[in-house]
Amino acid sequence: MAPHYAPSLWARLPAMALMLEIIFIVLFAFFVETEEFKKTKNQEFLYLYANFQDVHVIVFLGFGFMSMFLVRYGFSGTGFGLLVAAMVVQWATFINTLDKQRGVSSLHFLVNAELCAASALVAMGAVHGKTNPAQLLLLGLLEVTGLVVNQGLIKKLFKNDTFNTTMQLHVFGALFGVMTSWVLYRSEAEPRHEKEKFDSKTGLFSTLGMLLLWMFWPSINFVEAQEIRIMYSTYLSLAVSAVTAMALSVLLSPKGKINLVHVQGAALAGGVAIGAIRTVLDPWVAMVIGMCATLLSTLGFRYMKDHMLFAFECHDTCGVLSVHAIPGILGWFADLFLQLVNTDDATIAIRFAVHYICILLISVSMSLVTGTITGFLLKLKFWKPQQDRKCFDDQAFWEFPHLAVHN
């Protein structure tokens, strides 16, 4: 007898995806046009295209492979990431052009849209394996909408068009996803789902994704900062993170061995922290920040995930709080400290500190509120999520001909 898996996707995914695509086509037809690059702008185009390629690899290959770590959720981890990112890029491109009478979409807008997609994939990591693709589409669209609204609100309140949005990419996405996961918590799946594990094959693919992210991460920080020294600082910080993550993993292991999960997440912590910093750093400062971020990230993987599940009934599948939120907030406060140190006027320093803290508080509040609202929307029975015992399982959504039961 064939196993009874989740309800068919026929009634939800095709209708939702095709309806959204038709709506986007109509919106682009009436409100968006493509910028034409003149010959004098060829050099600028090549420069932007190089950035676009790097961010493209990060979003679709890096996050895609890294999501394959669960032993029975490889198809869904990669496939649903492609589905959500491809849909979100279109929506982010459109809403980022709304400030003009007829939006002009350029390569710069596509790069920003892919950064928004990366934030949505970060949020998706917190609910990895516990939602169906229709729910993930809604999550991605609402997360990007909240992110863009938050950025616009900060620009309007503080009259600042140059504030760091890379920090928001990580912190907003991670906290949004964690709050959504908290609302969607499944008590029947505790303390640990039997399929929430990885083997040598899925671990290898996930490590490949981590290496792609590690290699191209300097580009994602450079896109926002447009400063060569930021790219240099990011690479040094990532190098320190990789070494520190392996050393700490051995120290925290009762058997004195390296934990692959610790290394995959914490090795990126330094790059996340540097991404939140706009101050030009000395090399040794970037290395210290990378080491501190990796220390907090590794400790978070080792202790925080289980304690959050026990104390707050919040299950963070991919540990996005440790990989993205904590290093991002650390980098934000490190940037504030460095700015204060370089300021001689006490009045200016106080105003600057208030400015920084207010931006962080607004971003955190918006992410928590929108994440909670999204969680309640996804919890509606209309979406027909998979059963508790079928979480983290590709067979709920994908065809496996070799497992078909023939009458």
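The backbone N, Cα and C atoms fix where each Cβ goes, glycine too.
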Practice item. From the ranges 316-334, 335-353, pick the one that TrEMBL records as transmembrane segment. Key: 316-334
Check your understanding: Does the transmembrane segment (316-334) come near the transmembrane segment (166-185), with 3+ Cβ pairs under 8 Å (pairs 6 or more apart)?
Key -> yes
Practice item. Report the mean pLDDT of the predicted model across the domain 'Ammonium transporter AmtB-like' (24-382), rounded to a whole number. Key: 86
**Study point:** Residues from the same chain, set at least six apart from the ends of the transmembrane segment (235-252), whose C-beta lies under 8 A from its own
**Key:** 214, 217-218, 258-259, 262-263, 266-271, 273-274, 283, 286-287, 289-291, 293-295, 297-299, 302
